[in-house]
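A.B. asks: Before anything else, here's the structure in question.
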Amino acid sequence: MTDTDRVRHRDTKTAFYLFTQQKLPACKPVLTPAWVITIFLFTGFIFIPLGLVTLRASRSVIEIVERYDTECVPEPFRIDKVSYIQDDSIPKNCSLFLKVHKYMKAPIYIYYQLDNYYQNHRRYVKSRSDQQLLNGQKYQATSSCQPVEFNNARPIVPCGLIAWSLFNDTFTFIRERAELKVNRKNIAWKSDRDHKFGKNVYPSNFQNGTLIGGGKLNPRIPLSDQEDLIVWMRTSALPSFRKLYGRIEEDLDADDVVLVQLMNNYNTYSFGGKKKLVLSTSSWLGGKNDFFGLACVFVGSSSLILAIVFMLLHLKFQR
Amino acid sequence: MKRFVYINDDESSQELYCDNRISNRKYTVLNFLPKNLWEQFSRFMNQYFLLIACLQLWSLITPVNPASTWGPLIFIFAVSASKEAWDDYNRYLSDKKANEKHIWVVRQGIRKHIQAQDIHVGNIVWLRENDEVPCDLVLIGTSDTQGLCYVETAALDGETDLKTRVIPSACMGMDFELLHKIKGVIECPNPDKDIRRFDANLRLFPPFIDNDLCPLTIKNTLLQSCYLRNTEWACGVAVYTGNETKLGMSRGIPEPKLTAMDAMIDKLTGAIFVFQIVVVMVLGIAGNVWKDTEARKQWYVLYPIEGPWYELLVIPLRFELLCSIMIPISIKVSLDLVKSLYAKFIDWDSEMIDQDTGIPSHATNTAISEDLGQVEYILTDKTGTLTENRMIFRRCCISGIFYGNESGDALKDVKLLNAVAGSSPDVVRFLTVMAICNTVIPIKSKTGAILYKAQSQDEDALVNAAARLHMVYVNKNANILEIRFNGSVIQYEVLETLEFTSDRKRMSVVVKDCQNGKIVLLSKGADEAILPYAYAGQQTRALVEAVEQYAQLGLRTLCLAWRELKEDEYQEWSLMFKEASSTLVDREWRIAEVCQRLEHDFEVLGVTAIEDRLQDGVPETIETLRKAGINFWMLTGDKQNTAIQIALSCNFISPEPKGQLLLIDGKTEGEVCRSLERVLLTMRITSSEPKDVAFVVDGWALEIALKHYRKAFTELAILSRTAICCRVTPSQKAQLVELLKSCDYRTLAIGDGGNDVRMIQQADIGVGISGREGLQAARAADYSIGKFRFLKRLILVHGRYSYNRTAFLSQYSFYKSLVICFIQIFFSFISGVSGTSLFNSVSLMAYNVFYTSVPVLVSVLDKDLSEGTVMQHPQILVYCQAGRLLNPSTFAGWFGRSLFHLIVAAGMGPVLALKYFRYTYRPSKINALQQAERMGGPILSLGNIEPQPRLMEKEVSPLSITQPKNRNPVYEPLLSDSPNSTRRSFGSGAPFDFFQSQSRLSSSYSRNCKDN
């Protein structure tokens, strides 16, 4: 045995040698009937219960959805809703009655829902300045905020289309003449409040210009405490979305009637968007959403069916 | 154009010609960046990426941070640029080392030590033993009194034997002092790269000797990069310097080869590009329409009433950028990476190390491994490739008596030994020719044994055999040869050497017997170059028979001949020869003509037969590769019978009942045409029968066929799975490769000698065997292997895996970028067709690099079947050959998969089900083998794929040339879950034929051939 042979023999076991010879150990799953049927059965047995559990959780959530954009326009103005909403002289208050069908356990989340509203439009998404939201007037490079960037040659704080178009309908809830307590704190992400919006940034010149968009902000409250704004500025990915307004921290009983007094300020009439008010309880899985449960049940049952089909095929054509 | 070199003239030529600064560099410091960038951007893909990156700088349209494109782009460019720069720097270093070497040069009559780069044309350069020659020199003086010196030319042509170089006659006998003062002019051609030719003249100026023109040949030169051996010193005049030397001129970067797969990927990229443009146009128009109808109503978007002039372009351009990732940058990076890994696997493979020499296989070209898996034709040399090229003298026939028939070894034949002992005149003359009619140099080693340095293996065998028969070639001292026969020493003076050329097919020496002053011409050569020139009365019947008989046995034959010359005949001829050797134009041809005048009226002494043994494992390798559907052609310079014998012994063709050998011959156009027609007819008839039909053609008929009947010959080439071409020249070999390539076949050429270099370079894949004929072929080749049998592993294992892996990786790269692109497109419909990106820059980049590129690179270790299974069932290679794993239809499968995965995120279940369905009820052969491998049981017989009848389509329309997609009418996607393949697999309830695809297979072979 020569030296090189010896070296080679010693090396044959090392991983690098095996790698160079393309002989690393590997597993090669081969699609044998037993294996495939087992996999499918297994998937079925995992996914069907999972789906059923989540579906149940989703179904346990109680939701009240009320569309109010049309009803809150007084009868005479319904022909030209846009001019109604744009006319500041007409009072915009409006009342709704919500009937509670089932017992709703606190906390009850209040959402407003907008349909056909493109918060994901490119012009819209880009029109903000994260740096300015954090640092305020100190931060001057706000070109991304166009076209709502300056007011009297000073950057608007907060600048950009998103802030400018802030949703400004307000809701108060009354049950049996007593106003329900609505908690409007802690509705935004904590990380947003702490790290994205400045504690010393005040919206001093917001909505002062010629173009008035949506809601106004209290110039004495720093941005980090303007939770409505923070919620609004987390733009939605879909054109139909809900945003959290507040929490009712009392239980609602079945057959309770809740009177909602709202200010219908926000213009969705020019582009035919819908506005809805949503009251919803929550489960361990969050709000009411059947998709995940249904998907799981679908995947599980289809695998189960496939497993059975394969089993029958396998029995019939023994190969 | 000529060049005049004035010897030792310090001024005149300095300006005219470059100095001896060698530069192999491609770039300089200044032009590196522009030149390198220009080269990189001459590729379409790179232009595309640059355009996208530039567009992204416009913030109005960019969906993502420009850094996400610029980063990878700059990275790619930096990597390839720094690779180039590193290579170039290494070249610079080695150049610098060579340039700064100290060399003795005569300046103003005094010998000085200067750097090699300061040598100028015309300088006299002094070399010592074992020095490397710094530039091309004309030898003018050596330490040897006869004006000889020895050089090793391994670096130049790979031949390891020593070659003799001689000083021109005009400089003969000059002493040391004189050489410093020599003046003269050398008239030589402009620099070229032919290292076998140097046609020049030397004229020395008075007072030096005479004023005669003295012819110079390659024999009088020392070429750059050779080494001076066995000679104390030598000096010469620099004629070519720097990059103008023979070596410098022959250096060149060969055209990069493109694999069939790369071409396919480029095509698919083009298709994706078109698809992308369509998507962009549709979405762009939709976006603009939506903007005008809807977005203007959405007050919160605040569209200006009047936009800038380019407003209409903004949305389409945004989509262009969104969709730009459809053509992934990562594909280029990952393919480059894995390709170099494939090459490394070949280098590393311990089963492809030549055990005799310990030399591993080597992939010089790292980019074409996939092509190995798609080889359809192998063109192989015979000598040294199929055979060992270790020549052994076996038999001989001297004046009608056959020696060595019983034992198979003439050296042990008592009859011959007796004849030698008895000094039978015929035998003595025969042995004399064997011993001295050659260019062998005997070297006495320290132990006293004589070693022969021979350029050709045949000569080596003959000289050694003669020595065993007591005719020992002892010494060569300048022109005086010494041989020892039965104890007595005989001396001959070599007057002329008429060298071997492949056209003349013989070599001769003119020697003068020092004892009696007789002048004799000794010749040896191929039978057809000797026998016709025998003197009128000689009976050559017995010799012809001998040649036939030996060729039947697969032996190489040489005829030895002899003629006594009269003094005046020789003198007359000698003048002509001298004149011919000093011509500058067509020297070779003129010399051949003059030689012809001497080489006639031979007395043919006999025939020698030399055996060249087959290499180990050649028949098995050929059989396995043939089963894999690869066709073999043998191209050899040897004679027909020998070639056929070798072919039979290595399974190349089958013997009579099973096989049939058709002959194409003829000396005139008409004859060749008729025999070609006949063969073609037979071929057409037998193509349906399971019979191995092969044709044999010799160089002469081939020449005519290629010139006048190219179309018919092409058809024949397509019909025939086997062919033997004998007596072919290197350029004909290259022509045949070209012919097959023009029919759209993937060709692999394998050879070992300098005569195979052209064929190797011409073929899609060139494989060189690092054998005994030097390294020339191995250097020019893309792959060099030690033995022919490694070819099996190279193709079936490395080629196949490389193909499979690249097929997966390239399609996967497109798939993963299509998936994310489809998501973006889908999202654009619910974001007002405004071109919003769903993902932010960081996520996109992370997806492209960390989630989907790096982990998937591990797939280069994938093996669908184990090596053993592939070797056992080489038929499986058909999948690669026919390009079944990467073609528009599999690509469509991946495309569909990406669409499917957009919709169904949890898509694995159905995919698995479909895969299983196909796997169980409609398995491809690969699946069948996988199953068998897994079960570990006896592997089901796969059945042979019978030689596919490859029908040439009757009317070869010119259109079909441009439509290579006609080539494979049915692509069967292997990816069983690709939608179109599964649809097929559901339909058939009929008994699942193991090789249902058989008919399809064969139809895929009915390819069109380019009409030319």
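Including glycine, each Cβ sits where the backbone N, Cα and C put it.
Predicted automatically and left uncurated, TrEMBL annotations should be read as such.
TrEMBL lists B:5-70 with the feature domain 'P-type ATPase N-terminal'. Residues or ranges marked as transmembrane segment by TrEMBL: B:44-61, B:268-290, B:818-839, B:894-917. Feature annotation from TrEMBL assigns domain 'P-type ATPase A' to B:100-162. Summarising the annotation, TrEMBL assigns ATP binding site to B:D381, B:K382, B:T383, B:E459, B:F500, B:K524, B:R556, B:T636, B:G637, B:D638, B:R727, B:K733, B:N755, B:D756. The annotation Mg(2+) binding site is assigned in TrEMBL to B:D381, B:T383, B:D752, B:D756. The active site, 4-aspartylphosphate intermediate annotation in TrEMBL covers B:D381. The domain 'P-type ATPase C-terminal' annotation in TrEMBL covers B:778-905. The feature region 'Disordered' is assigned by TrEMBL to B:956-989.
Quick one: where do these features end up spatially?
C.D. replies: Proximity of distant same-chain residues to the transmembrane segment (B:44-61), defined by a Cβ-Cβ separation under 8 Å and at least 6 residues beyond the stretch ends, is recorded for 69-70, 73, 77, 266, 269, 273, 314, 317-318, 320-321, 324, 327, 329, 332, 835.
Broken down with DSSP, the domain 'P-type ATPase A' (B:100-162) shows 7 helix, 31 strand, 25 coil.
Reduced to three states, the DSSP call for B:R727 (ATP binding site) is coil.
In the three-state DSSP scheme, B:D752 (Mg(2+) binding site) is classed as coil.
Within 10 Å of the C-beta of B:D381 (ATP binding site) we count 29 further C-beta atoms, all protein chains included.
Secondary structure by DSSP for the domain 'P-type ATPase C-terminal' (B:778-905): 91 helix, 3 strand, 34 coil.
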A.B. asks: Have a look at the binding-site residues B:D381, B:T383, B:F500, B:G637, B:R727 and say which one has the shortest Cα distance to B:D756 (Mg(2+) binding site).
C.D. replies: B:D381
A.B. asks: Short question: which residues 6 or more past the ends of the transmembrane segment (B:818-839) have a Cβ under 8 Å from it?
C.D. replies: 61, 63-64, 272, 279, 283, 286-287, 290-291, 294-295, 298, 315, 318-319, 321-323, 325-326, 847-848, 894-895, 898-899, 901-902
A.B. asks: Which residue counts does DSSP give the domain 'P-type ATPase N-terminal' (B:5-70) for helix, strand and coil?
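C.D. replies: With helix first, then strand, then coil, the domain 'P-type ATPase N-terminal' (B:5-70) has 30 helix, 3 strand, 33 coil.
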A.B. asks: Where does B:R556 (ATP binding site) sit in DSSP terms: helix, strand, or coil?
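C.D. replies: Note: B:R556 (ATP binding site) is in a strand by DSSP.
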A.B. asks: I'm trying to understand the geometry here, so how far is the Cα atom of B:D752 (Mg(2+) binding site) from the Cα atom of B:D381 (ATP binding site), in Å to the nearest whole number?
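C.D. replies: Cα-Cα distance, B:D752 (Mg(2+) binding site) to B:D381 (ATP binding site): 8 Å.
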A.B. asks: Looking at Cβ-Cβ distances, which residues of the chain lie under 8 angstroms from B:R556 (ATP binding site) while being 6 or more apart from it?
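C.D. replies: When sequence neighbours closer than 6 are ignored, B:R556 (ATP binding site) has B:M391, B:D458, B:A609, B:I610, B:E611, B:D612, B:D638, B:T642 within Cβ distance under 8 Å.
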A.B. asks: Over all shown protein chains, what is the count of other CB atoms within 10 A of the CB belonging to B:G637 (ATP binding site)?
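C.D. replies: By my count, 23.
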A.B. asks: Report the same-chain neighbours of B:F500 (ATP binding site): residues 6+ apart in sequence with Cβ closer than 8 Å to its Cβ, ordered by sequence.
C.D. replies: B:S456, B:R506, B:M507, B:G525
A.B. asks: Using only the Cα atoms of B:D381, B:K382, B:T383, B:E459, B:F500, B:K524, B:R556, B:T636, B:G637, B:D638, B:R727, B:K733, B:N755, B:D756, which the record gives as binding ATP, return the largest interatomic distance in Å, rounded to a whole number.
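C.D. replies: For the residues that bind ATP, the greatest Cα distance is 25 Å.
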A.B. asks: Across all the protein chains here, work out how many other Cβ atoms are within 10 Å of the Cβ of B:D752 (Mg(2+) binding site).
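C.D. replies: I get 31 for this one.
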A.B. asks: Taking the Cβ of each of the binding-site residues and counting other Cβ atoms inside 10 Å, which one has the highest number: B:T383, B:N755?
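C.D. replies: Top count of Cβ atoms within 10 Å goes to B:T383.
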A.B. asks: Write out the long-range same-chain contacts of B:R727 (ATP binding site), meaning residues 6 or more apart in sequence whose Cβ is under 8 Å from its Cβ.
C.D. replies: B:T636, B:G637, B:D638, B:K639, B:Q640, B:D698, B:G699, B:W700
A.B. asks: DSSP on B:F500 (ATP binding site), three-state: which is it?
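C.D. replies: For B:F500 (ATP binding site) - judged by DSSP and reduced to three states - the answer is coil.
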